[in-house]
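If you check TrEMBL, you get these features:
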type	residues	note
DOMAIN	11-148	domain 'Lactate/malate dehydrogenase N-terminal'
BINDING	Val20, Asp41, Lys46, Tyr71, Gly85, Ala86, Ala124, Thr125, Asn126, Ser149	NAD(+) binding site
BINDING	Gln88, Arg94, Asn126, Pro127, Val128, Asp129, Asp154, Thr155, Ala156, Arg157, Thr235	substrate binding site
DOMAIN	151-316	domain 'Lactate/malate dehydrogenase C-terminal'
BINDING	Arg159, His174	beta-D-fructose 1,6-bisphosphate binding site
ACT_SITE	His181	active site, proton acceptor
MOD_RES	Tyr226	phosphotyrosine
Amino acid sequence: MKNGFGTKTRKVAVVGTGFVGSSYAFALLNQGIANELVLIDINQEKAEGEIRDLNHGMPFASPMHIWSGDYDECKDADLVVITAGANQGPGETRLDLVEKNVTIFNKIVRRIMDSGFNGIILVATNPVDILSYVTWQASGLPKERVIGSGTILDTARFRYLLSDYFHVDPRNVHAYIMGEHGDTELPVWSHAQIGGVPIKKFLNVENVAEHPDMKEIFLNTRDAAYHIINRKGATYYGIAMGLVRITKAILDNENAILTVSALLEGQYGVNNIYSGVPAIVNKDGIREVLELELNETELKQFQHSAHVLKETREKACQ
Ligand SMILES: NC(=O)C1=CN([C@@H]2O[C@H](COP(=O)(O)OP(=O)(O)OC[C@H]3O[C@@H](n4cnc5c(N)ncnc54)[C@H](O)[C@@H]3O)[C@@H](O)[C@H]2O)C=CC1
Ligand SMILES: CC(=O)C(=O)O
């Protein structure tokens, strides 16, 4: 479909215009990735305020039509990004949010689907792996078209901290965080490399996982959200940029490899769980989950993480 700018419409709807949703909208506008953006929130005044503020930046950005609306606006969206729901207070884990946010999601997803929507849903609300599963179930969409932001942010934090330690551009650091976006996530040291050179060669050690500096880097990655929430109450810029990265991979049909939350059906010995894994993302959503050869410790950690996600989901959804 053509829009008023004479270009193909790339329409994104955001449900939830709090810290994460509004930062995502701002990053999307700055990067000129979509040309139609609709913001939906239970607090319509908040969504309207964000629209006005974003629109005043338009003379400095690529043309984009931004407005606030209701769920019927999802009907012809290419992508709906859900960032609505409760966030963590100091000391709260992501899994502590599960009951509140499952209840909210059941309502939101029904309203999105009632609009006639038939695109891709990207979930960011926590606990993101469990809510991605709930969205997949409640929407009836194929698994490829329900994506969680997974460990995209954790992987970015990890790459940044490693780049800072080794004094190398983070774009040249290739290392994944997998599993739950949360306390049971794991660093995949066995495949971590910088410009093609394994990190163990840089450190001149056999077991990177036992290196004290690498242990500290992983802990600072895993606990980054707690460190930020204790200082400023919430995290939003990093995830907003991660969500834009996934959006670009979808709208530009990039076949990009990103650590997102995907439904696992036997990969890594795990079934019927959404969890953070490297996957190929394109216009159809998740094209393929990559199955890395994890070492024994990593595989056990990944399966433990999946077990915790499954138990939490079953308790919350019974
Ligand atoms: N996946 C990730 O890496 C990250 C996820 N998050 C998660 O994102 C979520 C949002 O966080 P913030 O934006 O900081 O929270 P926030 O409280 O600033 O915003 C939440 C928004 O959701 C709206 N909302 C609540 N119930 C709704 C409903 N039924 N329908 C429509 N809108 C509704 C609220 O009015 C509010 O505007 C949280 O669950 C947080 O934990 C935050 C950072 C990173
Ligand atoms: C809040 C959250 O999930 C994060 O910053 O990782």
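Quick reminder: no glycine exception, Cβ is built from N, Cα and C everywhere.
TrEMBL labels come from automatic prediction, so no person has curated them.
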What is the nearest of the recorded positions Lys46, Gly85, His181, Tyr226 to His174 (beta-D-fructose 1,6-bisphosphate binding site), using the Cα of each?
His181
Recorded positions whose CB lies under 6 angstroms from ligand 2, from Asn126, Val128, Ala156, Tyr226, Thr235:
Asn126, Thr235
Anything from the recorded positions Lys46, Ala124, Val128, Asp154, Ala156, Tyr226 with its Cβ under 6 A from ligand 1? List those in sequence order.
Lys46, Ala124, Val128
Compare the Cα of Gly85 (NAD(+) binding site) against each of the recorded positions Arg159, His181, Tyr226, Thr235 and report the nearest.
Thr235
Taking only C-alpha atoms and a 10 A limit, tell me which of Gln88, Val128, Thr235 are near Tyr226 (phosphotyrosine). These are the binding-site residues.
Gln88, Thr235
Residue from Val20, Lys46, Arg159, His181 whose C-alpha is spatially nearest that of Val128 (substrate binding site), among the recorded positions:
His181
Secondary structure content of the domain 'Lactate/malate dehydrogenase N-terminal' (11-148), with strand meaning DSSP E or B
67 helix, 25 strand, 46 coil
Determine, using Cα-Cα distances only, which of these recorded positions is closest to Asp154 (substrate binding site): Lys46, Ala124, Asn126, His181.
His181
Under 8 Å by Cβ from Gln88 (substrate binding site), counting only residues of that chain that are 6 or more apart:
Arg94, Asp96, Leu97, Asn126, Ala225, Ile229
Please report how many Å separate the Cα atom of His181 (active site, proton acceptor) from that of Ala124 (NAD(+) binding site), as a whole number.
10
From the Cα of Ala124 (NAD(+) binding site) across to the Cα of Ala156 (substrate binding site), what is the distance in angstrom?
15
